[in-house]
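K.L.:
Before we start, here is the structure in question, set down as structure tokens.
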Amino acid sequence: MGTGTLRQENAALLVLAAISLALITILSVWKLKRFKYRLVNETGGAMFYGILLGVAVKYLRFDGASSMENHVCTCPGLNSTPHLVMVNISSEAHCYRHVGKMNPKSSLDSTSHMETFDLDVLFNVFLPPIIFYGAYTLDQRRFIANLGSVLTFAFFGTLISCFCIGVCIYGVTRLMVLLGQAADGDYSFVDCLLFGAITSATDPVSILGLLSDLRVDLDLHTLLFGESVLNDAVAIVLTRAITTYDGARPAFDPSAFLYSIGSFLGILLGSFCMGFIFTVITALLTKLTRLRESPLLETSVVLLLSWSSFLSAKASGLSGIVAVLFCGLSQARYTVLNLSAEGRSRTKQLFEVFSFLGEIFIYSCMGYILLTFPHHVFKALFISGAFLSIFISRACHIYPLSLLLNLGRTKKISCSFQHFMAFAGLRGAVAFSLAVRDTTTEAKQTILTTTLLLAGFTIWVLGAAADPLLHSLDIRMGEDSEEDSKDFSSEVAMRGPDTARGLWHNLDHKYLKPMLTHCGPPLTELFPRWCGAFARIFSPSQIQEDEEEFCEIEPHTPPLNLDKTEHPPTPDDDHSGSEHQDDLLEGDLGLGTGPVNTTEPSVDFV
């Protein structure tokens, strides 16, 4: 049988195995949910079935692999590992692709031959919709109401967590050297900080699934889910900054350290800008055209341009995950206002399906690699220290930051909320994607092995323990987001206004929304006369005629449900007054107080 035919058959077999895993996971979780069994969710089930597939591939032989032989060729002129190699065989040039490091004495059995899930496909196709959907479905009103707290936990909390884990693990590695379990220099302090940055990335998919199933208090939902979404952005860029720093030097290098800080800030800001640029393009395209007359076309445009933010950022040397994250946040803020009711529903459904399937495939891959990766390094002391350090790091940033935030918050973060937030640091897809990209050294192989074990532990054990912990902490469960929105409206109306909220209101409602959406006053009234041409371009006459009617109708549309997909929303009856006020007095950012203008109406759909 030819090599090309064998490769195609194995590729088809791997795809069939992945689809079978997805089907089995879906049916299993459906059956468990019917019996209201909450100890296992989609991610835990997918990882479990991925492990079973890994067991089958590792210990069973397949016909195509049994006849393969090793042919080791020595290439003394190569000092690095190229991705593609041209080999002259019988005066004919053949191209070979680099698969991975192999032991020349081991046989090419089914494990090495059939491995692996293509990581480029996983991280370029399946991961972006997961991140985008998490950001896109954030409750905008509650997110902005708690924006100061969410940003504090996401940015400062991630930095504190990274440093705490790094210091703890460095102490563990020093102990390993003293006990003779590792050589001096095997694990540098930079390696330990890298592990801290990787494992500081909490998983929004697992957290969303956990919180949605349990229907916890919506303020707690917003704090945890908002933190996990933005936390990923910081952890990804922090990982790249630490990798940029040359830790191999024997002494501290101030210039390299400053360069890594500059890299951190540059990549973070550049990625945010890249995501927002594609939001602006999408919003203007849907605003200035009649795409809303064809829901299929407008949904396709939103999908392709949102995905382009990820790919463009990666092609530019920025972080694609951070770009698509911010793109999701801003698309939900602006572009969604230009879509038809059916287009909004279709867009959410499309990303929901992509996110769900991507989640299953990635977690199946995690379970599969846990069994089949040929270079796992299991260090019992390192793994034990890692498990302990993630709990210490959560406690070291949740409790102190909550104490500081409560000094400026009207509605305090209760002790029960703090306890659950310290507990609910689930690890998953993002941490795995950061750890698996580089496994060239023993330290990084140890990081991958430990990260996979941490992900499995937090998903299976902490996820299963969430329900009894919520009951013991007496945290409200079973809340309905639609019913709670009325209580939230009256609650925020009684809170004191916020200075930062007022600044955001001026920028968002006076400039961004009128420019990017149909809502708000015409741009010809907002911009000076010398900007008249610009204002007329982005407020064409045929759009201006419909603006007032559009913005009067759309506020009646209820927000899209975050937990389930409904039929396209339809206009409701008269409760627009509270809807207009929702976005103006959205709560306490914990950043000080001051007056805010509440005379302008606002529109929010998600």
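Using N, Cα and C of the backbone, Cβ positions are placed for all residues, glycine too.
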K.L.:
Looking at the ranges 177-196, 377-396, which is given as transmembrane segment in TrEMBL?
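P.N.:
Based on what TrEMBL states, transmembrane segment spans 377-396.
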K.L.:
At a threshold of under 8 Å on Cβ distances, which of 12-32, 39-60, 350-371, 447-466 pairs most often with the transmembrane segment (121-138)?
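P.N.:
Of the candidates 12-32, 39-60, 350-371, 447-466, 350-371 scores highest.
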K.L.:
Does the transmembrane segment (350-371) come near the transmembrane segment (257-285), with 3+ Cβ pairs under 8 Å (pairs 6 or more apart)?
P.N.:
no
